[in-house]
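**Q** The annotation site 'Discriminates between blocked and unblocked aminoacyl-tRNA' is assigned in TrEMBL to ASN19. For TYR24, TYR94, ASN96, ASN142, the entry in TrEMBL reads tRNA binding site. Summarising the annotation, TrEMBL assigns active site, proton acceptor to HIS29. Per TrEMBL, the feature site 'Stabilizes the basic form of H active site to accept a proton' maps to ASP121.
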Amino acid sequence: MAQSAPGGDRPWLIVGLGNPGEKYAATRHNVGYMVVDEILGDILPVPGSLKQHKRTNSLICETRVTASASGRAAGSAASAGDGVPVVLARSRGYMNLSGGAVGALASFFRVPPAQVVVVHDELDLDPGVVRVKLGGGENGHNGLKSTTQALGTRDYVRVRVGIGRPPGRMDPAAYVLKPFTRAELDDLPVTVADAADAVRLVVTRGVEAAQNEIHARH
């Protein structure tokens, strides 16, 4: 499988998976939205500044990502003219239909699958752990299943944000739709920041560099 590296003039597409609406805003399944909002925090005054992209039923921001002087990647205004062009997006559809938006956005902005970055919750990683990979299976995640079907390939980048397995016999489908616990919330800002760093590193330096730095933190 070819290694993903920063692309030329075509933008990267960064999509945070989740469910729309206040009911789901603080749930584990929506950590992808939280990571996109973290990146946008360096660029826009509030997440509500995202513009509606009606053709793809998404909220998007076209901008650029650069590496700061300190070596850590950072966001920058789209008008800056330097850095890597990106489209940050949150689907307005529900998780199990999110691939429709990902596929439509990739088609509209002419983004190849290897430059699509999907940020999602991961049951098989402990809370706080962030991992980056290119390709692979969906591990039962309905948002990834939908995305793979829409793109017609598994060869896109995933930033996996650990939420851990449910306690006891709790149904995983119910677990992901519950809010984070108070203890988990204490660590969540660091986890979300690490995942945002992972996204920035992928688009500025490539998947392998992102893996080397982010995986060393955990």
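Even glycines carry a Cβ here, placed using N, Cα and C.
Annotations in TrEMBL come from automatic prediction, not curation.
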**Q** Measure from the Cα of ASP121 (site 'Stabilizes the basic form of H active site to accept a proton') to the Cα of every one of the recorded positions TYR24, HIS29, TYR94, ASN96, ASN142, then give the nearest.
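**A** Checked the recorded positions TYR24, HIS29, TYR94, ASN96, ASN142; minimum Cα distance to ASP121 (site 'Stabilizes the basic form of H active site to accept a proton') goes to HIS29.
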**Q** Around the tRNA site recorded as TYR24, TYR94, ASN96, ASN142, what other same-chain residues have a C-beta within 8 angstroms of the site's C-beta center?
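**A** Apart from TYR24, TYR94, ASN96, ASN142, the close residues are ASN19, HIS29, GLY93, MET95, LEU97, SER98, GLY143.
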**Q** In this structure, which of the recorded positions ASN19, ASN142 has the fewest other Cβ atoms within 10 Å of its Cβ?
**A** ASN142
**Q** Out of ASN19, TYR94, ASN96, point to the one nearest the residue listed as 'active site, proton acceptor' in space (Cα versus Cα); all of them are recorded positions in the record.
**A** ASN19
**Q** Using a Cβ cut-off under 8 Å and a sequence separation of 6 or more, which residues in the same chain sit near ASN96 (tRNA binding site)?
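**A** Counting only residues 6 or more apart in sequence, the Cβ neighbours of ASN96 (tRNA binding site) under 8 Å are ASN142, GLY143, LYS145, SER146.
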**Q** Tell me the Cα distance separating ASN19 (site 'Discriminates between blocked and unblocked aminoacyl-tRNA') from TYR94 (tRNA binding site), rounded to the nearest angstrom.
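**A** A Cα-Cα distance of 5 Å.
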**Q** Could you state, as a whole number of Å, the largest distance between Cα atoms of any two of TYR24, TYR94, ASN96, ASN142, the listed tRNA binders?
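**A** Result: 16 Å between the two most distant Cα atoms.
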**Q** Relative to the Cβ of TYR24 (tRNA binding site), which residues of the same chain, six or more apart in sequence, are found under 8 Å away?
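**A** Non-local contacts for TYR24 (tRNA binding site): GLY18, ASN30, LEU177.
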**Q** Indicate the candidate from HIS29, TYR94, ASP121 with the smallest number of other Cβ atoms within 10 Å of its Cβ, considering only these recorded positions.
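**A** Output over recorded positions HIS29, TYR94, ASP121: least Cβ neighbours within 10 Å is TYR94.
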